[in-house]
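Feature annotations, reproduced from Swiss-Prot:
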type	residues	note
REGION	6-71	region 'Repeat 1'
REGION	163-344	region 'NBD1'
BINDING	210, 211, 212, 213, 214, 215, 216, 217	ATP 1 binding site
REGION	345-551	region 'Linker'
COILED	395-529	coiled coil
REGION	561-772	region 'NBD2'
BINDING	611, 612, 613, 614, 615, 616, 617, 618	ATP 2 binding site
REGION	773-865	region 'C-terminal'
């Protein structure tokens with residue numbers, strides 16, 4: 001027996017048969033061990049053929065194990081050391097298999113030859129099992145012919161090439177017949193263009209090119225459904241579309257040439273079908289370089305000749321980037337395909353597409369989807385999710401909203417869950433009190449038992465209601481699933497022209513199920529008041545999902561949030577003292593945005609704050625962020641003093657290709673991509689280079705910016721605040737108490753025009769001037785600083801009391817009109833905080849005491865009260 005003449009699977013079978021003999025303590029290697037190894041082979045050819053002969057493989061394997069246990073065993077120390085010896089009948093199997101292989105005109109002995117040789121052998125154990133399971137040679141040969149086709153065994157791994165399309169592909173026509181594909185709405189023009197290209201004599205290979213998520217694969221599924229319905233030209237009727245799985249084709253190809261062998265087997269099957277099979281390769285760019293190792297060919301070069309001759313009908317699908325990167329590079333491959341551009345559908349088209357899918361989602365999740373939710377999904381996804389494409393992002397929203405409602409149905413309602421937890425806690429308390437003997441414990445036990453019985457009654461009532469509601473929803477889901485299955489049967493009956501079945505389904509079963517669904521829906525609507533479970537996806541759920549994804553508040557305003565927004569101006573004024581004009585402008589911009597009245601193509605607001613240092617420009621941005629997001633973390637702060645050189649623009653949007661830092665992205669673009677709803681603070685903008693302002697033009701006008709990788713970043717949900725000290729010397733001259741003098745305003749405006757270009761200033765929503773602080777405002781600021789100190793001391797249970805005289809001295813000593821409120825803060829830190837800290841460390845001030853702050857002469861003194 002020449003081992004080189006055996007296929008890899010046969011060599012594996014011999015090894016497996018030896019392992020079986022050792023496992024069962026058999027000293028002789030019999031044909032039965034070989035038979036067992038063939039049947040036990042996972043994903044092997046023999047189990048596949050036997051399965052097609054309608055033989056229960058599990059039962060067959062159990063029978064073989066029983067037979068192996070009954071064979072003579074050799075036990076003891078001697079048996080351990082001695083090997084396993086092949087019998088004469090075992091060797092005869094291979095002699096017979098060699099002659100069978102010659103009859104088949106095969107170059108190698110394969111597993112099917114071994115199986116046929118075993119069938120012809122004299123082993124009584126094998127014959128007994130074959131007879132018991134009715135495994136006959138003629139039947140085996142018929143199924144083998146179906147699996148092998150006209151292929152010959154001329155390689156060492158032929159089993160991997162049998163039924164190659166079934167193994168490495170998916171029959172879309174079969175899926176369409178079984179009602180497994182989602183309905184495809186619209187896209188008629190694209191499908192017609194594909195049909196025209198497929199009907200050509202040569203170069204009949206369309207490649208669908210479009211952005212990810214626009215529905216390229218869905219269009220091919222739509223074509224498969226049309227072929228099933230017969231809604232195609234005569235030339236495409238009865239064609240089969242096979243979707244090739246490149247991953248499965250490459251996976252497990254260990255040796256050089258194995259991948260090419262598999263692909264050749266697939267192509268041979270397509271060629272032998274004489275144009276009946278159309279091959280669909282999703283992500284077709286993967287064929288360029290797929291399976292390529294040193295010295296071997298890639299998949300692209302293997303299919304080129306067949307594409308050129310028109311022997312292979314192939315449809316590809318890829319994105320613009322991948323087409324340019326892989327297919328366009330290979331000009332010979334590119335010219336063999338005809339591009340079909342798939343554009344992103346409009347919002348209206350997306351609504352139609354989702355309406356077509358609505359029923360499938362309702363059946364899967366067992367819920368109902370409102371039409372308003374479908375419209376909201378299309379419109380809101382287009383507006384707020386800018387880095388993905390329709391209809392994919394809108395379908396994802398509907399799917400996730402359905403999943404959210406479904407999980408809420410499956411889990412206990414909050415009210416019922418809290419009652420069950422309370423009962424559990426009371427049961428524990430009851431057990432503890434039962435062990436106590438004092439009168440108070442006995443009284444508490446009596447009260448507890450009454451409360452517990454009331455809660456248990458309530459729990460019983462609510463659980464019954466919950467179970468009833470859940471049962472109604474599950475029944476509705478089952479009815480909808482049944483209706484979907486019956487519709488699939490109707491389509492099949494119409495294709496097969498079974499008129500009796502069509503009449504029975506169309507006029508008997510389907511109307512009956514529909515009337516049951518209507519009855520259930522009426523019942524659910526009637527009892528909807530006070531329902532514990534929600535089984536509808538509405539606009540609100542879609543808004544919630546978008547808010548989770550992006551962080552942008554899209555949900556309808558609830559009462560608490562309305563009050564918070566209406567109070568926003570007062571909240572800002574309480575922290576930013578004396579700058580009412582700036583506070584009003586910013587809070588009004590936020591109100592417009594949340595009410596949906598802002599221009600959807602521009603940022604929420606873009607402002608430039610002008611004024612001397614320390615008057616509250618940066619503080620306003622921080623306070624706004626704290627009020628909107630409950631933290632200052634969502635502020636994106638860019639210090640423009642770091643962008644004084646011309647080349648530093650690249651730090652904002654990312655370095656160009658070939659430069660260090662290209663992969664990292666820009667500081668501004670990456671920050672906004674991660675947090676699309678945020679406050680962006682460009683501090684000290686006059687310090688930046690002139691060229692930096694050129695990138696602001698797109699942000700301020702269209703609310704977008706393209707980064708170094710060509711991706712668009714959306715600024716439409718950002719508040720842009722820029723601060724500058726330009727004209728601060730003029731503002732310090734302002735003598736007007738309740739505002740800014742007109743002459744001062746004109747001087748500041750002229751200074752601004754001298755520094756910035758008109759196209760930049762013209763795009764800003766508002767230029768706000770901050771006036772110097774008055775004495776009254778300084779006192780209020782001191783109160784804010786002291787409140788911060790009080791809050792810190794409160795943690796230690798220490799009370800701080802400051803006299804008015806002390807506050808006046810702080811204002812006099814700490815405030816400087818040129819430097820603003822910052823020196824005042826430093827003064828309070830140095831004089832007040834430092835003195836308190838020293839006394840805490842000494843132990844003079846301790847937890848629970850009161851501190852008084854007063855003056856003595858021109859000095860602030862601190863002491864215990």
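Here the Cβ of each residue, glycine as well, is placed from N, Cα and C on the backbone.
Comparison of 6-71, 561-772, 773-865 by number of C-beta pairs under 8 angstroms to the region 'Linker' (345-551) places 561-772 first.
Cα-Cα distances to residue 213 (ATP 1 binding site) place none of the binding-site residues 611, 612, 615, 616, 618 within 10 Å.
Neighbours of residue 616 (ATP 2 binding site), defined as other CB atoms within 10 A of its CB across all chains, total 25.
Cβ proximity to the ATP 2 site centre (mean Cβ of 611, 612, 613, 614, 615, 616, 617, 618, cutoff 8 Å) flags the following additional same-chain residues: 609, 619, 723, 770, 820, 821. Taking 210, 216, 217 as the binding-site residues under consideration, the smallest Cα distance to residue 617 (ATP 2 binding site) is found for 210. On the 0 to 100 pLDDT scale, the model's mean across the coiled coil (395-529) is 77. Other Cβ atoms within 10 Å of the Cβ of residue 611 (ATP 2 binding site) number 26 in total over all chains. Those residues of the chain, other than 210, 211, 212, 213, 214, 215, 216, 217, with a C-beta within 8 angstroms of the mean position of the ATP 1 site C-beta atoms are 317, 319, 342, 344, 389, 392. Here the binding-site residues are 210, 213, 215, 612, and the one with the most other Cβ atoms within 10 Å of its Cβ is 215.
When the binding-site residues 210, 211, 215, 216, 217 are ranked by how far their Cα is from the Cα of residue 616 (ATP 2 binding site), 211 comes first.
Each residue contributes its Cα atom, and for residue 212 (ATP 1 binding site) and residue 615 (ATP 2 binding site) those atoms are 49 Å apart. Residue 210 (ATP 1 binding site) carries a strand DSSP state (E or B). According to DSSP, residue 618 (ATP 2 binding site) sits within a helical segment. Between the CA atoms of residue 215 (ATP 1 binding site) and residue 613 (ATP 2 binding site) there is a gap of 55 Å, rounded to the nearest whole number. Within the group of binding-site residues (216, 617), the Cβ with the highest number of other Cβ atoms inside 10 Å belongs to 617. Sorted by the number of other CB atoms within 10 A, the binding-site residues 214, 615 start with 214, the lowest. Here the region 'C-terminal' (773-865) is broken down by DSSP into helix, strand and coil counts: 52 helix, 19 strand, 22 coil.
Among the binding-site residues listed (614, 615, 618), 618 has its Cα nearest to the Cα of residue 216 (ATP 1 binding site).
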